[in-house]
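Since the structure comes first, as structure tokens, the remarks are kept for the end.
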Amino acid sequence: MFFELVVFLLGASLGSFLMVWAERGSFLRAVTGRSMCAHCKTTLPPLHLVPVLSWLGLRGRCGYCKRSISLAYPLFEAGLGLALALLWVSLIGPDATLADAHAWSVFARDVFFTLSLALLFLFDLRRGLLPDRITLPAIVIALVWNLLLGKDVGDLLWGMLLVGGFFLIQYLVSKGRWVGGGDIRMGALMGAMLGLVGGIQALFVAYIVGAVVALILLAEGRATKKTALPFGTFLAVAGYIVLVWGEELLALVF
Ligand SMILES: [Zn+2]
């Protein structure tokens, strides 16, 4: 349990950092600025910045002005912590000394994939953007890493072409009204990470997740039929699901 807990806390801390990154819009501004309350602008001491625990300890309020802090923060932090802990459990297992070099490099790759997807999730959700400065380097790193792990280059390129092309066609047909250019790059990223079959799976899962979320929002009256939902957000979640359960999902269908 010890290592799982360490990975969870590490994931939660990274989640906290990614939220600051997405909020401030750039990595540089995330590492340089000091964290302050959005309402009273008080600079927050480290004890108020511990992921998940600070929010619980302060009962979801700023320690100074007592204004409430969104539940989204601890939820995202805990979510990313769990996501990384799950990778650890499934790839490294209970005895880390038994994991070989290949298992470690797959684990490291999947952690990188998950963090990239988490960042894109936040950017699309909060800003409606999938910035090139995140998607493009992620595509290159994903391709190289997968090739080093012995993946078939054709499979990865076909995945990029097909999933990226799926969005490119929509982009061209609608003249950029249905999807943005960022979606095309994110589609290509799915292919570079997951290959052809995985990329297509991610598309399906994203539509299912998106439909479920849309139905919930409609039922709660928090969205109308015209509300545009950020598709990159769903694609990011779907990418993680396929990364972890891709083979199980495939076995379910075939
Ligand atoms: Zn405050």
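The backbone N, Cα and C atoms fix where each Cβ goes, and this holds for glycine too.
Checked against TrEMBL, the range among 47-69, 231-253 recorded as transmembrane segment is 231-253. Under DSSP, residues within the domain 'Prepilin peptidase A24 N-terminal' (9-89) fall into helix, strand and coil as 49 helix, 4 strand, 28 coil. Proximity of distant same-chain residues to the transmembrane segment (231-253), defined by a Cβ-Cβ separation under 8 Å and at least 6 residues beyond the stretch ends, is recorded for 83, 86-87, 90, 110, 113-114, 117-118, 120-121, 123-125, 130, 179, 182-183, 186-187, 190, 193-194, 197-198, 201-207, 209-210, 213.
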